[in-house]
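Undergrad: As listed in Swiss-Prot for this protein:
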type    : residues                                 : note
BINDING : G104, L123, S124, A125, M126, T127, L128 : S-adenosyl-L-methionine binding site
Amino acid sequence: MKITILAVGTKMPRWVDEAYTDYAKRFGRDITLELKEIKPEKRGGGVTAEKGIAAEHERLIAAIPPRARLVVMDERGKNWTSVKLAEGLKEWMAGGGDVVFVIGGADGLSAELKQRADVLLQLSAMTLPHGMVRVMLAEQIYRAYSILNNHPYHRE
């Protein structure tokens with residue numbers, strides 16, 4: 001199974017890339033975690049937040065593989081525990097196909113993309129820095145994977 005994190009934004013600090021890579025390489029052969037960065041729309045010069053979100057929406061849609069399960073990260077999404085994420089991961093693995101997690105840009109995501117999501121999920125009700133979200137999401141996906149594999153990484 002392939003899990004992709006689509007994240008609007010490029011040029012993260014080195015610590016973000018290093019932390020993400022640390023979690024991404026921990027998976028076994030049955031799961032691959034991949035990060036795809038989506039170029040953010042430049043703001044200013046007549047480009048409103050709405051126009052920026054629309055342009056980023058088109059880039060995100062183009063990057064989502066057909067038939068992939070879509071999980072959109074949003075601070076108003078469902079508040080799952082790590083165990084609930086593991087249950088979701090187990091269900092997605094059994095159903096076959098790939099999973100795409102989407103992290104929006106500075107101005108958020110389009111309503112259309114949120115409506116298209118199979119799951120609207122939050123890491124926190126608070127707004128978080130995008131680099132931190134990449135790392136936290138990769139960690140939680142790995143934690144869910146470790147729960148399913150009875151690995152001692154996760155403790156209740």
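The backbone N, Cα and C atoms fix where each Cβ goes, and this holds for glycine too.
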Undergrad: Using a Cβ-Cβ cut-off under 8 angstroms and a sequence gap of six or more, which residues of the chain neighbour A125 (S-adenosyl-L-methionine binding site)?
TA: E75, R76, N79
Undergrad: For M126 (S-adenosyl-L-methionine binding site), which residues in the same chain are close in space, meaning a Cβ under 8 Å from its Cβ, but six or more apart along the sequence?
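TA: Those within reach of M126 (S-adenosyl-L-methionine binding site), by Cβ under 8 Å and sequence separation of 6 or more, are E75.
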Undergrad: Comparing the binding-site residues L123, L128, which residue's C-beta has the most other C-beta atoms within 10 angstroms in this structure?
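TA: Its Cβ has the most other Cβ atoms within 10 Å: L123.
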Undergrad: Beyond the listed site residues G104, L123, S124, A125, M126, T127, L128, identify every same-chain residue whose Cβ lies within 8 Å of the center of their Cβ atoms for the S-adenosyl-L-methionine site.
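TA: What remains near the Cβ centre is E75, Q122, V133.
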Undergrad: Including all protein chains displayed, how many Cβ atoms other than that of G104 (S-adenosyl-L-methionine binding site) lie within 10 Å of its Cβ?
TA: 25
Undergrad: Between the two most separated Cα atoms in G104, L123, S124, A125, M126, T127, L128, the residues recorded as binding S-adenosyl-L-methionine, what distance in Å do you get?
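TA: Largest pairwise Cα separation, rounded: 15 Å.
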Undergrad: Within 10 Å of the Cβ of T127 (S-adenosyl-L-methionine binding site), how many other Cβ atoms are there?
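TA: Other Cβ atoms found within 10 Å: 9.
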